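The feature domain 'Amino acid transporter transmembrane' is assigned by TrEMBL to 23-420. Summarising the annotation, TrEMBL assigns transmembrane segment to 26-45, 52-73, 170-191, 257-279, 299-321, 342-362, 368-389, 401-425.
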Amino acid sequence: MADERSAEQRKIDEWLPVTSSRNAKWWYSTFHNVTAMVGAGVLSLPYAMSQLGWGPGVTVLVISWIITLYTLWQMVEMHEMVPGKRFDRYHELGQHAFGEKLGLWIVVPQQVIVEVGVDIVYMVTGGRSLMKIHDLVCKNDCSKIKLKYFIMIFASVHFVLSHLPNLDSISAVSLAAAVMSLSYSTIGWAASAKKGVQPDVDYSFTAKTNLGVVFNFFSALGDVAFAYAGHNVVLEIQATIPSTPEKPSKGPMWKGVVVAYIIVAVCYFPVALVGYWVFGNSVEDNVLISLEKPTWLIVMANLFVVIHVIGSYQIYAMPVFDMIETLLVKKLRFKPTWYLRFITRNIYVAFTMFVGIAIPFFGGLLGFFGGFAFAPTTYFLPCIMWLAIYKPKRFSLSWMVNWICIILGLLLMILAPIGALRSIILKAKGYKFFD
């Protein structure tokens, strides 16, 4: 009986997207991590710098890079800390640290908010970039097409790609996306540098009141911090790497993460610093808009953004598909069939598309939700798990480092949503649903 159950369990695991394929190479983890982390948000970093100023801006960029690399290292280490067992999903690690029930309640809501939220943002980002390409290519010759139709065009790609079975099978899409993120980041800073520092450049804060400066500072803090949020899918990425007692998966995974983080630094720092240096406080919240010319280059950069967010959408959707399919097959006893997958995944893509169309100022919402969900899953939940599992000595280096990360993460979780909420309220005044 037990053998039958374990055979059935194995069959289900081989069908589920996260555990079905375990033969990824170390460099797969590099481009999966780059695709998950480098969002199109990199193009808004110069704007975030303009709200933070030189000193605080550079400090926040560097500290975020260091803390998130440290918490990512913790996740990679904890993946196989119990001999013979792998924590393939974030919530499984949470259950090990906090107990079966509590672990689920702590991790799953946050992970769902982040992953579904990011997918909705990418729907809007993809649609916006397609719209920009359309408007640039046929300036005044074409009739205006509303954003919602471009979001539908972007979604149509995902109605096809979402049926790839697992993370390994989207590695080609993910590689293309990682290359694209490097490409449009390079266009962002190189074209800015070529333009040169503007004659009337001004590095003072744009807000007229002290309160405005403070709120903008909080909001920008969120923008920079969430630029480093790939942790929600890191265990799922590591789950695809083969592992033996002699050669655990953490070796190749860590190698992939370090290369990914170097690429992330090469994408982020030049864009943030050069963009702000050239345009000062007049920089747009997407640095490509500030560039304006040459048209062909801006069209190309937007095309790269579209290809990149296609890959990113899939990377974040895969763990959600895994959760939905696990629930249906293990809890509700559905048979693991292709049509179950076909129906559930199409419903999910349609859902993210409709929300994206209904609320296209979702960027502000992400800052708001992101503060609640991104900050914990990226900045301090790994540290709390580490303290709960390894119990380092009080006031030892490990204990102090973890507590510093937890305190900074909590501050971020409280402050960033305040700034974002204000920007939503200001934008929502003249807004109509499904416009």
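Yeah, the Cβs are placed from backbone N, Cα and C, and that goes for glycine too.
Caution: TrEMBL annotation is automatic and unverified by curators.
Contact count against the transmembrane segment (401-425) (Cβ pairs under 8 Å) is highest for 368-389, out of 52-73, 170-191, 257-279, 342-362, 368-389.
If you look at the transmembrane segment (170-191) against the transmembrane segment (342-362), you find fewer than three C-beta pairs under 8 angstroms, all six or more positions apart, and that falls short of contact. Between the transmembrane segment (52-73) and the transmembrane segment (368-389) there are 3 or more Cβ pairs closer than 8 Å, counting only residues 6 or more apart in sequence, so the two stretches are in contact.
Most Cβ pairs under 8 Å with the transmembrane segment (342-362) belong to 299-321, among the candidate stretches 26-45, 257-279, 299-321, 368-389. Same-chain neighbours of the transmembrane segment (26-45): 61, 118, 121-122, 125, 129, 167-168, 171, 174-175, 177-178, 181-182, 184-185, 188, 223-224, 226-230, 232-234, 237-238, 240-241, 251-253, 255-257, 259-261, 263-264, 267-268, 271-272, 275, 285-288, 305, 308-309, 311-312, 315-316, counting only residues six or more beyond its ends whose CB sits under 8 Å from a CB of the stretch.
Counting same-chain residues at least six beyond the ends of the transmembrane segment (299-321), those with a Cβ under 8 angstroms from any Cβ of the stretch are 17-18, 32, 35-36, 38-40, 43, 89-90, 111-112, 114-116, 118-119, 122-123, 125-126, 129-130, 132-133, 136-137, 154, 157-158, 161-162, 164, 166-167, 170, 173-174, 176-178, 180-181, 183-184, 187-188, 232-233, 236, 288, 341, 344-345, 348-349.
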